Amino acid sequence: PDDHWSHSQSPSILESENSLDLLDIMGNLSYDDSNVTSLDYNAAPCHNQYCPLFQRVAPTFLAVTCAAATVGTGALLVALAKRPHAWGWPQSRALVAQLAVGMGLFAALLPPVAVGIRQGWWLGTGLCRLTYLLWHWSLFTQGLLVGSSSCSTAWCRWDPRSRRLAVAVWVGALLLATPAALASGTVAAPETSCIRRSVDILSPAYLLHLALCLCLFLLLPVVLLAATLAMPRLRVGWEAGVGVSWLFFGLWVPYGVGLAVDFLLHTQLLQPTCGTFEHFDYVLGLSEGLGVLHCCLGPAALLAAQLC
């Protein structure tokens, strides 16, 4: 299953030889026939049963989210086509169209991920990496689009300036997503799984990927919020409705925090406890699930802003 849905190959997921897991750090592991990991921590076994729950719930959640995102994105594209003059800066037609494409790309990847979680990933390592490349390409593109709309009037009209910016955003986001593909891969369990981190936690590819995710999900919204509060000119754009597109950051910030804590636990900069071992997977999985909802809530929010 998805690595961060399952907390970096959490207890019920087998690992590749090169992967570094929280379990490797904590040590004293034993496995029983029920595929539940026990950890003798302070003489009290710690049990993490996140993966069985994840494998039951995640496919249905992703399927429902994909269906809702498809309907919402379709309605948004129809509104863009039928009412081309109803969109004004900062919710400009050019910006909204690109956000719709980004959300549509993200939603299109949910079915293969759901099938891979339910039945095992049989599409191979190359398609696994391609999936995560496109997954993060859509996320970085949307983040850069929202960021550029918050501090610039470039999207007011579709002219050579905005076209150059669009090319820069999409190409730049693809480059930023490349480390995600390099860090992902497949592992052989009873059935093959496509995971987001199949390399060591300190490998250059994963460290670069982690740094870019933290910049997108945490640093960028903080910088933009500070700039907006400090500059009256940017607050005008906020009042005009740019806050609607900030829904993207609001949904993904908790996941960014979860990634940071996950790294600190793996590197023992934070000392894990039995409670952390048992419950952190659920926190990280729920935070990513919240972020995934952006592809169905985003179109609804943009349509609501246009109607108002």
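Just so it is clear, glycine is given a Cβ too, placed from its N, Cα and C backbone atoms.
Per TrEMBL, these features apply:
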type: TRANSMEM; residues: 61-81; note: transmembrane segment
type: TRANSMEM; residues: 93-114; note: transmembrane segment
type: TRANSMEM; residues: 134-155; note: transmembrane segment
type: TRANSMEM; residues: 167-187; note: transmembrane segment
type: TRANSMEM; residues: 207-231; note: transmembrane segment
type: TRANSMEM; residues: 243-265; note: transmembrane segment
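Tertiary neighbourhood of the transmembrane segment (207-231): same-chain residues 136, 139-140, 143, 147, 150-151, 176, 179-180, 182-183, 237-238, 246, 249, 252-253, 255-257, 259-260, 263, selected by CB-CB distance under 8 Å and a gap of 6+ residues from either end. Away from its own ends, the transmembrane segment (167-187) comes close to residues 3, 9, 13-16, 19, 98, 121, 124-125, 128-130, 132-137, 139-141, 143-145, 148, 193-199, 203, 205-206, 208-209, 212, 216 of its chain (Cβ-Cβ under 8 Å, at least six residues beyond either end).
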